[in-house]
Amino acid sequence: MPSTSTALRVIVASVLAAALTPPQLLAAALTPPQPGRHALRARPQQPGRHALRARPLAAALVETAGLVPDGARHVSEDLVKKTHRFDVSLTEPLGLTLGEAQAGKDTCVYVKTVDESGGAHAAGCRAGDRVVATSATLGDAMWPKSSIAGVVSAVRSRLQLGNQKVSLRIERSLDDDEVALAELRSRESVKERWEVELQKPLGLTLKNVDGTPTVAQIKKGGSAERSKGRVRIGDRVVGVESAFGGRMYPVTTTKEVLAAAALPTPSISLRLERDVRVGPWSGLLRSDGDDDEDAVAPRDRRSSTQSQVQRDIGDALNVYLELRRAQLPATATASLLLDRCTFLAKTYARRASSRKAFRSGRGDAQDRLDALLQTLEDAEVELSAKFATNAVSAFVSVGAPKRGARLFERCARGDPGHPRPNRRLLTAGVSAYARLGRVDQAFAAAREATTEENIDTRLGNALLAAAAAAKDVRRAEAVFAAMTRAPSTEPAGADTGARLMPSFAPQPRAPPAAPPRALADAVTYRTMIDAYARAKRPDDAQAVLERMRTEAGLGPDRVASTALMKAHVEAGDVDAAERCLEELLEAADEVMERTRVLVAKAAAQSEDGEAPKALLGERAAAYRRARPDATCWNTLIRGYARTLRWRAAADCLQRMRDAGCPPDLVSYTNVATACLRADRPKEALRRLDELERARAAAVAVTGPGGRAARRLRPNVVAYTIGCLAHAKTGDLVGALLVLRKMRDAGVAPNERTCAAVLECCLKAGRPSSAMGLVEEMRASGVREDVVTSTLLLRCHLAAGEPAQASRLLDEMEASAVDGAVSAVDGQRGKRSRRSTAPNLVTYNAALAGFAKLGAWGEALDALDRAAARFAPNRETWAALAGISQDRSRGHDFLHDALRLLMRRDRAVGAKAYEAWLLAAARANDVDRVDALARARADGRLRIVVGERGARRRALDDGVRLDTDGRLDELEAAVLRSRRTSSAVPAKR
């Protein structure tokens, strides 16, 4: 049964959906709640399948698992309630603030905040800990405490008597991973069972030990000695082979074993049991040596990671290998080994997300997961479905879904040593396919592995998320329809998704005892709203939100409303997104208004005339859950950025503060992006300055490790926006200062940062400075992509270095060839931004740059390379039209370019052809005009309107002109000039 605190939070939150009447809410609101965020986890829970009984103090599993702070003394633990207690010794200044809350019928004192400079932080206290006792005024006794006044009085009395330290008894909650670690640490030995067939004479002596026949001696020359270690002294005989049928039956005395051995058979089969010690296990509590990992040479990184993973696994691997060499099954040891490896996989993934250097953390986690799998494969350990599921999920969470999908595919194929996918493993595999965009494979795997009985909500939501990520609305709608129907009420002929997933098809069966429920939950509706948002269909998203309220009885929550806002933003309707935000604000205010009367009634019924503090805290918590959070506001700001409404985006920051939602890092960067898109770089820099001031204020209050300070810590996106803003103003010095701040903050630049600095060099008129910056970024590990390579090409051309530019273009072409070969070999997917293969933007820049330097051959070669791979675009025609203005070689080059495009069977923009006609007219090059006019007339030279909206803008006194007609007139005018010049007699 859920605790009263859980019921209270559910009831107060449901006011938003108007699901309860005020009297019902009042009855529940008067129930005492649990304490704060960390203390809430200590509520009583029913023991589940993996729950442990409360252990005595001697066990001290939590202490051996390293979960007790250094210097603290372990007191007790209760793994059923998921709590443990320990004593800490504090020195002045203590540096902590306390709060008081209801815990069932009792009051408890909990730690609200911990100052990093105080004694509490040094002793290992953290927010959410509960103070259950303090040291006595005199002596070493501990006095129980249940109020802040009692704790403060005891501490003051202790310190006033001249004591330098005061002790507090702390009760701390354990999460599921910590409980699992404590359980695994307790299993230092396992019981292995196997069967062995021994020829007579057996050559062993048995005696009863603790009621079990045990091998006491192995005689020389006997069958037991020749068993190659399968029989040892201390092994217990737990079963013998029956004389009839060859079945094993249990034995408990040596007489039963001797009776079986006395039968007239040449051999006897025994079932033996042995205690196998696998030794203690650290469980990867600390990241020892991680700080030095970056110093390892790349060629030694793989072997170093392999050895580190083997140390993480512990002695269980060696014990397993020893048993296998003795030809023992080692089933129990393998189970424990896989349990430990499962915990390691989850730990690697969790640590990757908390690393300061996010990229290196994820890369290290990927390498360790690979090494973990390779180690188990080398040891020929048959993987369990639990381990495979957690390994696939870990690969997905650390950004390596392709490796997770490969592991799932090996399981689906039934490769040796790999389990057949169950429902959880299938769900993990579908999530990996979803990250890769392989929606077809996700649905194919689900069709092969599922039946009607093992389909569940998690798997359905994973399939729905895969379809939504791939923007496959048709599949998403089919899955959503299947998950939202009740199997017993399905109308005939409805689309249940059976075409895509046969498991969703209704099957004839006996009437169930209870009415069947639909599979859909709140996540299902949110995912479907997100699918419509990606497809820019806000009306359908709104309809799903209404169904969530009316059909499913799930009050639309903040997450669903945010997804609807995203749908409006994607469709370009920012005003509708703002209306959604206003509705959320009104709903949050309604929560406060509807609970105001209830709080007043509770105060009237109390003895002191005041409402319980816990009730007021729950009311405030319900308001925080209902009001728009930073994600809602950031969605709206992103909509303003797309529509270039930078002022409205900037105003959102103050509106967030007024609504009680402090802006986070994404808020500031989104506003700065809106200013950049609206060509307001100085405003963007002002928003980044606001970000720095806000973080400085947060650091002053909570310290650099506080939650508020971490939410405002600038990342690579923020610094890159700063570089782009300076690039737009041509302030190279400002961009370099941003890079220095970035380096001092320990944030590694990426490709976009490099591109922003290169663009700043071009804008500032200092292209030669770009080369040194590129070398520095290469040394820092930044990989070049097509954008940075194109900007570097432009810098070479702007610096008057055509030879270097030509060499760089050749290198980019070579990378394109290598990429094509890799794609054929299956080593690479579709072409991405990280590729350095030149695109049309690169060739257009080379065309214009070479022509400006007078390198006409290189310019024509760049156009030829571009035409061989791409169809020229508006920028290509604009570059050619600009080249035509060169009076020395412009019209000759443009003529060669037009003939090249005609030979490549590429269309020519009307703008470029018109520029050629005008340049030829100035040069009186009538013969070539006549030749190209004939080519256009017979279709060999194709002309297109290359500029968007050119037809709408080609007006003459309000009359629309046809492009072909205008070109005909220009050609005729040039050709008439030849006839006119030939009709005029030459002067004598």
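A Cβ is built for glycine as well, from the same backbone N, Cα and C atoms used for every other residue.
According to TrEMBL, the feature domain 'PDZ' maps to 178-276.
The region 'Disordered' annotation in TrEMBL covers 31-50 (among others).
Look at TrEMBL and you will find 283-310 (among others) tagged as region 'Disordered'.
Sequence-distant neighbours of the repeat 'PPR' (521-551) (same chain, 6+ residues past either end, Cβ-Cβ under 8 Å): 17, 457, 460-461, 464-465, 467-469, 471, 473, 476-477, 480, 483-484, 557, 559-561, 563-564, 566-573, 576. What TrEMBL lists as repeat 'PPR' is 521-551 (among others).
Over the repeat 'PPR' (629-663) the predicted model carries a mean pLDDT of 91. Annotated repeat 'PPR' per TrEMBL: 629-663 (among others), in sequence order.
Only residues 6 or more beyond the boundaries of the repeat 'PPR' (715-749), in the same chain, are considered here, and those with a CB under 8 A from a CB of the stretch are 356-357, 359, 665, 668-669, 672-673, 675-676, 679, 681-682, 684-685, 688, 691, 756-757, 759-761, 763-766, 769, 777, 780-782. Sequence annotations record features per position, and here TrEMBL assigns repeat 'PPR' to 715-749 (among others).
Non-local neighbours of the repeat 'PPR' (750-784) in the same chain are 716, 719-720, 723-724, 726-732, 735-736, 739, 742, 791-792, 794-796, 798-799, 833-834, 836; each lies 6+ residues outside the stretch with a CB under 8 Å from one of its CB atoms. Under the heading repeat 'PPR', TrEMBL lists 750-784 (among others).
Annotated signal peptide per TrEMBL: 1-17, in sequence order.
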> Per DSSP, what is the residue count of the repeat 'PPR' (715-749) in each of helix, strand and coil?
Replying inline: 27 helix, 0 strand, 8 coil
>> What does the DSSP secondary structure composition of the domain 'PDZ' (178-276) look like, as residue counts for helix, strand and coil?
In response: 20 helix, 43 strand, 36 coil
>> Going by DSSP assignments with H, G and I as helix and E and B as strand, what are the residue counts for the repeat 'PPR' (750-784)?
In response: 24 helix, 0 strand, 11 coil
